[in-house]
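Going by TrEMBL, these are the annotated features:
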- 1-23: signal peptide (SIGNAL)
- 108-441: domain 'Peptidase A1' (DOMAIN)
- ASP126: active site (ACT_SITE)
- ASP328: active site (ACT_SITE)
Amino acid sequence: MATSSLPLLSLFLFVTLLHTTSGTTSTGSGACATTPDTGSTLRIIHAFGPCSPLRPAVPFPSWADFLTDQTERDTTRLLFLNSLASTGTGKSFVPVASGKQLLQIPNYIVRGRLGTPAQNLLLAFDTSNDAAWIPCNGCTGCPGGSPWFNPATSTSYHPVPCGSYQCNQVPNPTCYPRAKSCSFNFSYTASSFEAGLGQDSLSLASDTVSSYTFGCLQKVVGNSIPPQGLLGLGRGPLSFLTQTKAIYGSTFSYCLPSFKSLNFSGTLRLGTNGQPKRIKTTPLLMNPHRSSLYYVNMTGIKVGRRTIAIPPSSLAFDPATGAGTVIDSGTMFTQLVRPAYEAMRDEFRRQVKAPVTSLGGFDTCYNGPVTIPAITLLFDGMQVTLPEDNVIIHSTYGTLSCLAMAAAPEGMNAVLNVIANMQQQNHRILFDVPNSRVGFARELCT
């Protein structure tokens, strides 16, 4: 077991603790039994999958309702990512967007344990986030339905003192004379949060990070936070990667299963061991204003054999404005700036040659069987050809199929192209920060 004592880094992480057994997710069926986590590899499940304990208590009435809900979530997510991409030189903390089940809307979860004795938790991991906040026992306004972390029962928990490095990194730090410990608060639109800064042992698979720094939520006012944890895998100075650099060397990869997957069939692999040796890669780009985002240089898009004409400004990387392309695990459907999306969509429609309808936020849908052209994303040094399952989303009964990509909503000054998790499913995505590269390799994990 690897152990690291890393006292600096304040990563704020939203986490809801679930006292469940680590090997099984209950749905009333043995089909949900899952392989345990081992070594530095964690199993992954989609938050809304059939066996996820975080799936909505009331099922969506229809497939159309599900898609409408997801596109609304992606719209809010895009607002969040564009707020990160805009210029700024402040401390690396995460703005909180308002909206239903909002906080950055991560869609995939892994299992973890916090404290001594360990309290089981579920973490939604997010490549565009450095945050670590945990709903703690007694929190006012935190989401119900799951036990919260109780620092009083953990012998390894301790508050972070005033004047410490960590306290100086959080937004709006406050020190109360009696408590002599660091607190902070943060507001965004209609929501505000208050938390105390603490440290405890965080265990993932077989590894333990001692003195892991997080915000222990005490009060939430406004829209509720989602009932799940958040493992921020961004590359900012306060991220999980920084806190665990001595263990994992700022390297990780994942394979995302379909949201229909019944169990934790995907994997999040932390560290350099076990990573693919032969994999197509493209350079990571650095935005000094928003160092957490994983920027890459997308140079074009092919539909079938045709490379479509896209205005260069729609793909260009520009640190001054935050424009460019990012790889993101928390958005469900790829979002392109409008000129890029419309050029791709129009060529896609031209090659399909069938009557077009729409559904929710999707404007290119077809009734009945159609022949789908391949879509290839072109990057510096790498091409990724997406299989049909990464391009089209089908209705429950297979009668309606939609192009699973969208343009930024009208009226939004979006500058980012976001390669989202549906387009990443059943691929091994490698994030090799020391060597400044990201890689794609086909891998079935559903």
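Placement of Cβ uses the backbone N, Cα and C atoms for every residue, glycine included.
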- Item | Distance from ASP328 (active site) back to ASP126 (active site), taken between C-alpha atoms, in Å | 7
- Pick out which of the active-site residues ASP126, ASP328 has the most other Cβ atoms within 10 Å of its own Cβ. ASP126
- Over the domain 'Peptidase A1' (108-441), what is the model's mean pLDDT? 88
